[in-house]
Amino acid sequence: MSPLDLVTDHGQPVREDLGHLPLALRGVTVSYGAEPVVFSVDMSVAPGAMTAIIGPNGAGKSTLLKAALGVVKPLAGRVTAWGAPLASQRARIAYVPQRASVDWDFPTQVRDVVLMGLYRELGLLRRVRARHMDKVMACLDRVGMAEFADRQIGQLSGGQQQRVFLARALAQEADLYLLDEPFAGVDAATEAAIIAVLKSLRDEGKTVVAVHHDLSTVEAYFDRVFLINRRRMAEGPVAEAFTDETLRATYGGRLGDGLVARAG
Amino acid sequence: MGAEFVTLSLTPILIGCFAAMACALPGNFLLLRRQSLIGDAISHVVLPGIVVAFLVTGTIAALPMMAGAAGAALVSVLLIEAIRRFGKVESGAAMGVVFTAMFAGGVLLLEQTDTSGVHIDVEHALYGNLESLIWLDATGWGSLLDPLALAGLPPEALRMAATFAVVAVLTWLFWRPLKLATFDEGFARALGLPTDLIGLGIVVMAALAAVAAFDAVGSIIVIAMFICPPAAARLMTNRLEAQIGWSMLFALLSAILGYVLAGYGPLWLGATASVSAAGMIATVSGVILGLAALFAPHRRA
């Protein structure tokens, strides 16, 4: 247990300095109906590391991420980024939503989607200039999608769509990257390409947090884990927090294929 | 085409064009958000609002009509939300129930009201009075430069042009947030964009166009223009910017071709009377959509 945990009590901080944490949640509860999906969760995202959010289906992984971004409004609790209110730090945070959350039949091109990552820079009416398009192309190049810039997004494979979303997040030039299931339904080549980009971000000192469901790759991909099943089950470096004991506590009786894969 | 055209046909065609474009523009976003039915709902609920406004004020001046329509639109949105929440009905069904019920209520109210002195009746509600919006002060094309003649333009012409201008400027100004929030609401929210407000803004824009157009051209054109030109345009291109352009072109084509066919088509076929312009404009837009569905380059498999 870190000293941070000792000074919080269900979201009521007792003299706590969160300034060094890119992201901190304290006592965050989210509910869509009567039943809370995420209950009184504390989370401390370490700077310059790659953290996996892990838990069974319906454990509130995506909801937690959305609450951390202000995409859903928590019922209770607070979210800070570098110790400041989330709203003041949005320019430093990039987001990759679940691929299935948008309609890929939308009439737009790959380069337009990536350009959306520059919205904070462009605002309502500022002209798109050559340097903006250069940045877009550089981001597409980094995920290996430069040659698809003019494609309609519906013509891409699932893996290519996921890379476009990652390129859009890169265009945001943030310090903290939050990704919702970036490896869901993508091919092996895309998975390798994405993890290479995320690791290079980490090596540049950026912070990466991803909702992840494949337990067999956690040790290879991530530095830290955050285990959740509606409540926080464990948090820390992979070696300490990603153990048979914490996994059993998180997944309960539902020890899925992932655990078997990990054992095998 | 001479003086007679300017007097009798120019203003109805212009009003039809502006009404069609004002509705088709927000219709593009409603289509992409799978909310096209909202345009349908708004154009129906406008009727009881206008009747109530007439009962309260005793006039059919533009301002009370607009206020009544806006009030009715608000009531319908609240009712739809209430039925969806408490009745546990999906939103499409809730909308269907609310707008047919309110339109029916408007018809009943209208029948019980003495509106003989003014032209407000069920037929007007459905297909407006486009043919009667003539420009009596015009003596020919030169009247377009004559301030005195211009002052005699039907007020609907200016009102509809202004409505289209407002909708067009708002769309241009908020283009990036509109596109972003329509494509990826979660990402837009993470950027800090007020997506609820943007969604509401689109509906309000549609309501503005519907209320203004309703008075001049009736609900048939409004409903058709919210859906047909954008849906046909979507099949022509894979770029939103181009889709908007195509939808404006299809709206114009429907309004002009529809008006001309309604006025002269039956005569060409040997009939003696013309048919409803509103009905023909809506029909043309439907035919355009049908042709696009059969031959357009970006049909879905």
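Just so it is clear, glycine is given a Cβ too, placed from its N, Cα and C backbone atoms.
Taken from TrEMBL, the feature transmembrane segment covers B:6-25 (among others).
Remote same-chain partners of the transmembrane segment (B:37-56), defined as residues 6 or more beyond its termini with a Cβ less than 8 Å from a stretch Cβ, comprise 23, 26-27, 30, 64-65, 67-73, 75-76, 80, 92, 95-96, 98-100, 102-103, 105-107, 109-110, 113, 115, 118, 120, 125, 203, 206-207, 210-211, 214-215, 219, 222-223, 226-227. For B:37-56 (among others), the entry in TrEMBL reads transmembrane segment.
Annotation comment: TrEMBL describes B:62-80 (among others) as transmembrane segment.
For B:92-110 (among others), the entry in TrEMBL reads transmembrane segment.
Within the chain carrying the transmembrane segment (B:157-175), a Cβ under 8 angstroms from the stretch's Cβ atoms is held by residues 11, 14-15, 18-19, 21-22, 25-26, 62, 133, 135, 198, 201, 205, 208-209, 212-213, 215-216, 244, all 6 or more beyond its ends. Residues annotated as transmembrane segment in TrEMBL: B:157-175 (among others).
Annotation source TrEMBL lists transmembrane segment at B:187-210 (among others).
Here the transmembrane segment (B:216-236) has Cβ contacts under 8 Å with residues 15-16, 19-20, 23-24, 26-28, 30-32, 36, 39-40, 43-44, 46-47, 124-130, 133, 156, 159-160, 206, 209-210, 242-251, 254, 278-279, 281-282, 285-286, 288-289, 291-293, 296-299 of the same chain, all six or more residues outside its ends. For B:216-236 (among others), the entry in TrEMBL reads transmembrane segment.
Long-range Cβ contacts of the transmembrane segment (B:248-269) within its own chain (Cβ-Cβ under 8 Å, at least 6 residues beyond either end) map to 9, 12-13, 16-17, 19-21, 23-25, 130-131, 224-225, 228-229, 232-233, 275-277, 279-285, 288. The transmembrane segment annotation in TrEMBL covers B:248-269 (among others).
TrEMBL lists B:275-296 (among others) with the feature transmembrane segment.
Proximity of distant same-chain residues to the transmembrane segment (B:92-110), defined by a Cβ-Cβ separation under 8 Å and at least 6 residues beyond the stretch ends, is recorded for 37-38, 40-42, 44-45, 47-52, 55, 72, 75-76, 79-81, 83-84, 120-122, 125.
Long-range Cβ contacts of the transmembrane segment (B:6-25) within its own chain (Cβ-Cβ under 8 Å, at least 6 residues beyond either end) map to 39, 130-131, 133-136, 138-141, 143-144, 153-154, 156-157, 160-161, 163-164, 167-168, 171, 205-206, 209-210, 212-213, 216-217, 221-222, 225-226, 229-230, 244, 247-248, 250-252, 254-256, 258-260, 263, 277, 281, 285.
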